[in-house]
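**Student:** Structure below; questions to follow.
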Amino acid sequence: MYKSLFFCLKILALLFLIGCGIVAYIIYYYSRDLPDYRQLARYYPPSVTRIYSRDGKLMEEYAFERRVFIPINSIPTSLKESFIAAEDKNFYNHQGVDLFGIVRAAFLNISNFLHHRRMEGASTITQQVVKNFLLTNEVSFQRKIKEAILSYMISRVFTKDQILELYLNQTFFGRGAYGVATAAQNYFNKSVEELTIAESAFIAALPKAPSELNPEKNYARVKARRDYVIMRMLEDGYITSDAAKEAVDSPITLRKRDQDETVTADYYAEQVRDEVIKMLGSKDEFYTSGLTIITSLDAKMQKFAEESLRKGLRDFDRKRGFRKAIATISLDNWQEELKKLPTTPSLLEYKIAVVLEVTDTQAEIGFASGAKSKIPISEMKWAKSELKSAKKLLTKGDVIVVEPVKDYYALRQIPEVNGAIMVMNPNTGQVLTSVGGYDFFASKFDRVTQALRQPGSLSKTFVYLAALENGVKPNQIFNDGPIEISQGPGMPSWRPKNYEGKFLGPITMRTGLEKSRNLVTVRVATAVGLTKIVDIIKRFGINDNPQKVYSMVLGSIETTLERITNAYGIIANGGKRIKPHFVELIKDRNGKVIYRRDDRECTTCNVSDNDLDNAILEIPAENIYMVTDAASDYQITSLLTGVVDRGTAYSAKKLGKVIGGKTGTSNDSKDTWFIGFTPKIVVGSYVGYDTPRTLGRRATGSSVVLPIFIDFMSNAYKDEPPLPFKVPDSVKLQAVDRATGQITPSGSVMEAFKINNILIIEDDSEIIDNNHNNDVFDYVPTEKDQSQEIY
């Protein structure tokens, strides 16, 4: 008997040794080409880059994987315990592989199989880290062996907290969220510190099936999984029975970001994205580095700018009348027919509907959802002049655009025309708002920075400034009469015209600019010479290489809204050079400032995300460069305030502010502009078709674009006091008769004169009536260049 027992023991020992040898060989065999697990010590996960407004509102997030890295010591205990209870009960007790868990799962799964219950796994958190970082998702015996070997090795090198940190930051939680910090934000709009036990359990439940566990689609299943995690926490002693009951009884309530925490500024964000990618030299680095980018954007102004631009474009488009229905469908199965239609771009708050019935007084409409409503004829009047019956406008089956108004709808259409608006701080160059079009998602073409257009009469300002720089006084008399410019041998003479074809005769230079008189502008140009005008256009950054041609003075050059707005910003700040900038500073994922918009030490950069406005810096005095002299700058500013007080921008006077500005309309009314400024902001706005064509015979900067400026200022600038422009010491104000230009004891306008020529103006009655000029120019105007009706 003993011999038999001894023999059996020898056999068992031999089998054990053979088994150990096999295991040792397997470990040796699969350990030869394992990935380097030590790389996990250098874990820098791809993190989301976020762009903020100056007042701390989130503008945009960019990432290949939306993740915000959070160190383990910042993750609350209850959240860590939720994952340990859900995924790896013995996490702190095993060496990467839970042998007891494997045996337990094997026996439990036999019962689960027989009773058709969900099978349980025994994969530890460490094994999941190995799978997520070092191996593929291949389902094979070989991968499981490698996974177990690596898990053991990692457990010997890394602490449990280091392993848990890797897992909680790398795991995918659905809704594009990687890591617990992003999951907490995405699902509950909270930081991890603010999560309740129930919310922590919900997040811990997601890794099993993140795409399927959507409470909006399968609430019961998601709640059951969350409650399972809660009960595991109770069983493991992490929470009390009362806390578990409260957590189980709580509903799953998802929360989105509050609107006051975010700002919509798609064109602005895209400009920042492009700028920072160029700065970094790598698109991948931008999308993975977890940068915090603080911009100059003013969230409140941005909202008003978008609203004002869209309102202005819609109002202009409606004045052109109703074009036509976007489609016509059969009413036999109209709901399905509506659903089949291609998506209409730029709907925004508008909706698509089909006309079901039409009477003289209204139209009945239906929506793809099956809902019905009506459009009264009062909401169609804009579409056609003297509309007496809705039947004259719409027919059954017409697919149209509508807007909800109280308990009915109004007929609308998507504007064909487009435009842009940009707001800057003229003293710092900060771009406070930038809206590059009607709808970013319909057209990403940025009409602020990319659209080259003719500025029309906006150019006149710089013709007058060139004259002022060269000693011409603002009360100088010029003849607003016919003028003929020789274009050279064999070419017809150039005969520019005023917008309305009339003449005012002898008028002051001030009146010439206020009323935007083309012929006075040409005479000012001939008096000062094209060379000086070309120089000033380059100096102010309007165009880097303008053609030296007389039609240039009426706006035949090309520029962008950003450039021309910046040029007027220089005037607004007293003549100091500025450069538009969107980005204030950039911090890396660790909070270190890696860029700021000037070279000074930043003493206010370490601010919280809710106090970003404190990081805004002013321009250092040592960096100031004068583009024009202070006296000439104030003189042109004074003339431009006259444009608002008495001239083509008179309707803006009702704003009750001290505003300088200039309207602009290019040849054939293809481009319309208005740029207005105060000592604190400069606002540039533009309207035109993307493929240039006339906006209509009566379309001008005054009628089309100025209303956008007024609407914006009425909202965004209403609480600002009417600050005057500072008068430099080199200027003296003198009362002048506005009609004659003569000094009077109590004139109709206070004119600005330079100190060095104030004494020689009292007897200045010369009328400049030059009909030709000997200045040499290097380009001969053509028929295309003959901007004869600029306003």
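Each Cβ is built from the backbone N, Cα and C atoms, and glycine gets one as well.
Remember, predicted model here, so these are calculated numbers, not experimental data.
Sharing the feature lines straight out of Swiss-Prot:
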{"type": "ACT_SITE", "residues": "Glu87", "note": "active site, proton donor"}
{"type": "ACT_SITE", "residues": "Ser457", "note": "active site, acyl-ester intermediate"}
{"type": "REGION", "residues": "49-220", "note": "region 'Transglycosylase'"}
{"type": "REGION", "residues": "398-711", "note": "region 'Transpeptidase'"}
{"type": "TOPO_DOM", "residues": "1-6", "note": "topological domain 'Cytoplasmic'"}
{"type": "TOPO_DOM", "residues": "28-791", "note": "topological domain 'Periplasmic'"}
{"type": "TRANSMEM", "residues": "7-27", "note": "transmembrane segment"}
**Student:** If you average the pLDDT over the topological domain 'Cytoplasmic' (1-6), what number do you get?
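**Tutor:** Looking only at the topological domain 'Cytoplasmic' (1-6), pLDDT averages out to 66.
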**Student:** Here are some active-site residues: Glu87, Ser457. Which one has the most Cβ atoms within 10 Å of its Cβ?
**Tutor:** Ser457
**Student:** Rounded to a whole angstrom, what is the C-alpha distance between the residue listed as 'active site, proton donor' and the residue listed as 'active site, acyl-ester intermediate'?
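**Tutor:** Cα-Cα, rounded: 70 Å.
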